[in-house]
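Colleague: Structure below; questions to follow.
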Amino acid sequence: MSLPYSIISLFKFNNIFTTKYNGRFAFLDIFRFIALCWVVINHLGSEGRLDILRREKSGDLFKQNIHEHPIFGPLFGNSALGVEIFLFLSGFLAARSWQRHRSVDSPFWLNASGFLFRRWLRLAPPTLAFIYIAAGPLGKWALPQFYHSMVSNCSSRQLFSHALFINNFSKIPTCMGWLWYLGLDWQCYLLTPFLLYLLEKRPRFGISLLIIMIGGSVFIRGWHCKINEICNNSDVDIPFVYFPNISNDILQTYSSLFSLYARPTTKIGPFLIGLIIGYFTTLKETFLLKPKTSKLLFFGGFLLLFLTIYGILPEYWYPNQGNTLYNTLYTATFRTIFTVGIAFIVISVLYGERSRWRKLF
């Protein structure tokens, strides 16, 4: 997610603390707020530091010190997992939006076009306005460092790819690379009507297809990191920025990491998990879990979050081990496992003993 987008979005969370909610899904704002702060802290305290952007030794020393801390190292280094929370929520809310707005008397293509148009209206206007300002004279004057490192290397073709939401397929992400998430989000939305249609008309086939897609994404991640020898970079702790005299080796590293991090083939799993859970909630509005099951899901979800966040420590302790079996399996699975943990907590809060969890959410 783009840093400017993240900072601007912080203002949306003022109503979390000033407005009283009665909706069942109000607690999802807590997850959104945590994810947003997580990503912003990483951008400001790590990827946003000038010495890191300029590849200075002090930047390398800072990142080394962060990684060597047993508590804050994984929390800051793995903060990109906040994106997985956004993807889960995006899929979850997309499923509910589809079910809420579609008309059973209208043909599929009319419902699909209406859904996609509403999604486009949420993404396109602010994105186009941001590109126009950031890539123009105002951006160059007001944000010279941002312009130099993120915009100066932009071609008209790259700017056009941002406007079309296909920027996450760029080979070298040195032109406003942090906008990759918006392209991924839109591409996931394009699949949503078809997948939800299958879930409704052919439930067994639909859920089987979704599980295969999630598993296939895990496999592709492992295969991709293996052949590119980047399985020891699970957190992709590298800013995709342009700086003078950038070497071909660094550009190749950028390309390999970006294709692992930003493409739907390797990143769609969390969105699909959210889609499944969101669709399930439209079918089971009054479902209630047994207390023991609710507790198991709740604390089991937190355990999965803890294990995936801190499971990156061996990569920090032994940064030059490369494609070990552990690094490969971790890189392939940790984002999906993390999202499953989020899903467990969401299910527990929605269908468990609400009076108990209201104190936390």
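Yeah, the Cβs are placed from backbone N, Cα and C, and that goes for glycine too.
Not measured: the values here are computed from a predicted model.
As annotated by TrEMBL, domain 'Acyltransferase 3' applies to 26-358. Per TrEMBL, the feature transmembrane segment maps to 21-41, 71-95, 123-143, 178-198, 205-224, 268-289, 296-313, 333-352.
For each listed feature, how buried is it and what is near it?
Modeller: Proximity of distant same-chain residues to the transmembrane segment (123-143), defined by a Cβ-Cβ separation under 8 Å and at least 6 residues beyond the stretch ends, is recorded for 2, 4-5, 150-151, 154, 159, 162-163, 165, 176, 179, 182, 185-186.
Outside the transmembrane segment (296-313), and at least 6 residues removed from its termini, the chain residues within Cβ reach (under 8 Å) are 70, 73-75, 77-78, 81, 234-235, 289, 330, 334-335, 337-338, 340-345, 347-349, 352, 357.
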Colleague: Return the stretch with the most CB pairs under 8 A relative to the transmembrane segment (268-289), choosing among 71-95, 178-198, 205-224, 333-352.
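Modeller: If we count Cβ pairs closer than 8 Å to the transmembrane segment (268-289), 71-95 scores highest.
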Colleague: Under 8 Å between C-beta atoms and at least six residues away from its ends: which parts of the chain pack against the transmembrane segment (178-198)?
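Modeller: That would be 1-3, 5, 43, 83, 86-87, 90-91, 94-95, 98-99, 108, 111-112, 115-116, 119-120, 123, 127, 130-131, 150, 161-162, 165-170, 205-206, 209-210, 240, 258, 261-264, 267-268, 271-272, 275, 279.
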Colleague: Over the domain 'Acyltransferase 3' (26-358), work out the mean pLDDT and round it to an integer.
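Modeller: Average per-residue pLDDT within the domain 'Acyltransferase 3' (26-358): 87.
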